[in-house]
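Visitor: Starting off with a structure, shown below.
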């Protein structure tokens with residue numbers, strides 16, 4: 001190789017080694033291999049040589065060009081890599097810092113419990129019925145075989161509102177959602193299978209009573225519905241609701257004006273641990289019974305043809321038992337800490353497929 | 001209702017344990033509230049005798065006693081501080097290991113001032129049985145030595161308390177409970193007979209009844225009685241059920257009230273005036289009752305009067321003036337039938353809670369009016385001596401006899417049990433129902449006098465809206481069916497409801513239809529959307545303080561409670577925002593809500609003059625969280641508007657159909673709030689900053705923003721089926737425009753005009769900038785919008801772009817007067 005090419009080669013390689021960043025490297029590249037680079041210049045001069053000389057010189061130049069191209073490329077990658085490393089080093093952050101918080105809300109346990117009840121009874125063919133919170137005394141009491149002098153009608157138990165214009169009888173804030181059942185019986189022909197969850201009101205306020213609370217009542221009317229169906233339906237509900245396939249369920253005779261026979265329903269639990277389904281104690285969770293023939297007749301159904309059962313349960317009470325919530329009043333206090341603690345994710349609605 | 005096992009034994013032969021009795025009571029509808037076994041509280045205490053007592057060598061006030069306390073403690077040294085400890089005294093002894101309920105300690109053997117003491121001599125207070133006393137309890141000399149004190153004091157007699165449902169007046173008696181237990185297989189009911197006592201002299205007093213609430217009343221004078229404390233057995237019995245013994249004459253009435261459920265009253269004859277007692281209406285008198293209280297009577301109340309005035313509030317409580325005392329020699333015993341409703345109303349109004357009221361209210365056994373009087377006569381003659389006069393009476397015993405028919409198949413077709421007719425009939429016979437007729441399919445029973453709840457035939461209250469024919473069909477068999485249900489209920493509760501086999505409800509299809517209607521299920525969707533947006537769901541009372549409600553607008557008296565439980569819970573709320581604002585205030589006061597979590601919502605009812613409406617309401621206050629490089633901030637009305645729009649759009653309302661007007665309700669900041677409307681008339685919701693005055697009135701600080709969705713006004717989406725979208729493969733072209741807009745120009749109008757300028761090409765119009773400043777004319781704004789053009793089939797030419805731009809400019813100018821800035 002000619003001396004001038006050796007010199008060019010050595011100078012270029014030295015300059016490449018000396019280049020520390022992209023600009024310096026690019027200057028070397030352009031200075032040697034660019035349009036007006038040294039090597040390019042030598043290549044342009046080839047045409048002036050005689051053929052033999054041109055061939056040798058051309059081969060030497062081409063070799064050198066390939067060699068330098070490769071060296072430039074390698075050095076280029078080295079500098080690029082170095083620059084990347086420097087950038088990565090400079091961009092380092094304290095990854096232990098918390099990500100910006102996004103506030104997350106929650107679904108109230110009462111709504112959640114109603115959803116769970118709707119899902120379970122829905123699977124048994126019930127639909128959800130609703131009605132007004134303000135009822136006539138007939139809807140709330142008389143239709144349900146609760147006579148006028150019944151203690152439940154006293155001011156100590158029931159909230160009253162002024163009568164409708166032109167009427168004499170004060171209206172009531174419903175003490176139970178049974179008015180919905182009455183409306184349903186008046187409004188549709190059997191078979192009927194509904195639950196009626198909703199707000200209810202009683203004039204009571206202490207540690208275990210709230211002037212407003214929620215009840216879920218149910219009504220099944222058909223031909224041939226027996227007390228056996230009542231038991232089957234409620235046992236299935238309670239076992240799915242509490243997710244305890246072997247939950248002990250006990251039925252005790254009781255009395256309600258609107259059902260006969262009437263019974264209270266207990267589930268097994270442990271008084272000492274509070275655990276549902278274990279232990280030797282019983283906890284009342286439901287009232288139920290076969291719909292009283294007078295209630296059917298009051299709502300226009302012939303009790304000789306139609307019969308069925310009804311039940312009612314406190315939604316807060318069941319929510320407390322299921323979720324271990326100790327205090328009834330906390331449901332309505334809207335304390336953010338409580339809501340966060342007992343609330344449910346918006347993204348897991350109560351479904352039977354995911355489990356209630 | 002309380003009873004002791006020993007009292008129960010008066011009526012029931014049984015060998016069952018108290019646990020078994022309680023389990024059975026629970027099963028048959030007599031719910032056990034509690035069992036109190038007094039002997040459990042005094043375990044370990046024994047009867048004993050002090051053999052010797054000497055002064056403690058090192059303590060003036062202590063004595064060193066030798067005590068005989070039975071097996072293992074024949075001669076124990078006990079140091080005792082009681083002044084009355086003395087040799088020969090029979091005492092209560094607590095050996096080491098005994099827990100002393102009165103002081104909460106457990107006795108240990110030890111030394112007191114250097115003297116061994118192997119137990120303790122006790123006062124009744126230390127056993128939890130008596131008042132403070134000066135010394136240890138002194139037992140009679142006849143007390144045996146070394147037996148459990150509970151046995152000696154007859155405390156080994158558990159008392160069961162049960163709750164009685166309103167239909168079971170008959171179970172407010174120990175005999176009634178015994179009858180139920182016997183029928184439930186827990187023993188044999190003993191016969192109860194009372195002998196009629198012949199009167200020895202004509203009655204010096206006569207009854208008269210002129211009140212419809214008293215159909216029948218009887219009485220008799222017993223003269224020459226000697227009143228005083230009752231014998232121990234009677235006192236103990238009454239005490240066991242929580243009744244304070246008073247005197248033999250009074251105790252007899254209380255005993256029979258509990259024993260038979262037959263309330264009675266005794267008058268001191270010498271304190272009565274005239275010879276006639278009349279049951280009549282009160283006349284607004286003030287009456288001093290046996291409890292020492294004065295009651296102001298009305299005109300409906302039923303009273304018993306003599307020539308001097310009211311002597312008794314019928315069926316509730318006797319009068320002080322004519323009550324018996326230790327000097328009573330002649331007594332007049334009253335036994336009557338009083339109307340349950342009348343007694344309940346007066347008792348409730350005057351807040352009189354007596355054993356008599358409790359029983360009359362639920363209905364008493366009409367056949368016991370006379371027998372109860374005879375039973376009382378016998379007892380009084382036994383305990384107090386004297387001679388009985390002839391019975392006097394007024395009115396007539398009403399005909400209480402009723403029948404009820406049971407079709408045996410109904411046990412299965414209603415009750416869900418297969419049992420033999422014989423078993424069913426036997427159960428009912430045990431309860432006192434007597435078979436009148438029976439064939440293969442059915443039996444007709446006579447209802448016993450004490451079962452007021454069976455086959456009553458109350459009046460119907462059929463819906464006014466029913467047509468006559470339907471009402472008639474529905475009511476034609478109801479009395480027979482109710483009576484039959486009554487019988488089935490009796491049979492089933494004795495058979496055991498737990499023995500009825502459970503059956504799954506039949507399903508008409510494998511998969512049930514959705515439980516929720518589309519209108520109902522969207523409430524769940526809204527809850528999830530709000531929670532996902534960072535709002536916490538709350539549940540607030542439907543009633544709020546009237547004053548709070550006034551802040552939020554229309555507060556009609558028709559929605560104000562007549563009998564609120566508290567003054568701050570008296571008005572049905574015009575909006576759930578009131579509860580949310582109060583809740584936010586409480587949370588902020590607790591130092592919460594400063595991390596972007598001061599955000600609450602509720603889906604619940606609101607009330608106005610037209611009735612009840614369903615609303616979604618949300619509220620944001622407090623501060624967002626501080627982040628590195630980002631200080632905390634207060635919420636803005638845009639947060640509330642975003643919440644509102646997210647909710648409305650989630651319900652499927654087309655965005656293009658919405659518009660905003662600036663006429664939100666008055667509780668918002670008038671310049672920073674709006675109504676979202678669909679069409680010109682229907683308002684779907686509101687949003688904005690709460691009015692500063694309201695923020696202050698509710699004790700809140702800073703900016704509070706709110707929104708409401710009027711759910712009743714939001715329609716369901718019309719067409720669920722979606723058309724296929726045109727997904728162009730060509731890139732959209734974005735063009736920015738800036739308009740100079742006068743003071744009255746609304747951004748909404750600019751956006752709408754631009755969007756409508758070329759409906760085929762313009763896919764979207766967005767606001768990207770609003771600028772006000774000195775460089776613009778006074779009150780003017782520069783409104784920057786981005787118009788997105790979506791070509792469908794071919795790329796846009798410059799000419800087409802130019803034409804669209806001109807169309808946008810012209811449309812905005814025409815609609816709003818705003819001019820393009822160049």
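Cβ coordinates come from backbone N, Cα and C, glycine included.
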Visitor: Quick check on the annotation: TrEMBL has B:486, B:489, B:490 binding Mg(2+), so which of B:453, B:467, B:498 does it put in that site too?
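Guide: My reading of TrEMBL gives B:453 as the candidate in that site.
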Visitor: Per-residue pLDDT averaged over the domain 'B5' (B:399-502) comes to what?
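Guide: Summing pLDDT over the domain 'B5' (B:399-502) and dividing by its length gives 95.
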Visitor: Using Cβ atoms only, which residues of the same chain lie under 8 Å from residue B:453 (Mg(2+) binding site) while being at least 6 residues apart in sequence?
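Guide: The list for residue B:453 (Mg(2+) binding site) reads B:167, B:168, B:169, B:363, B:486, given in order along the sequence.
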Visitor: If you draw a 10 Å sphere on the Cβ of residue B:486 (Mg(2+) binding site), how many other Cβ atoms land inside?
Guide: 22
Visitor: Can you give me the same-chain residues 6 or more apart in sequence from residue B:489 (Mg(2+) binding site) with a CB-CB distance under 8 Å?
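Guide: Non-local contacts for residue B:489 (Mg(2+) binding site): none found.
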Visitor: Could you break down the residues of the domain 'TRNA-binding' (B:39-150) into DSSP helix, strand and coil, giving a count for each?
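Guide: Its residues divide into 5 helix, 40 strand, 67 coil.
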Visitor: Once near-sequence residues are set aside, which residues in the chain of residue B:490 (Mg(2+) binding site), 6 or more away, have Cβ atoms under 8 Å from its Cβ?
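Guide: The answer is B:427, B:428, B:431, B:433, B:454.
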Visitor: Is residue B:489 (Mg(2+) binding site) helix, strand or coil when read with DSSP?
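Guide: The residue in question, residue B:489 (Mg(2+) binding site), is helix (DSSP, three-state).
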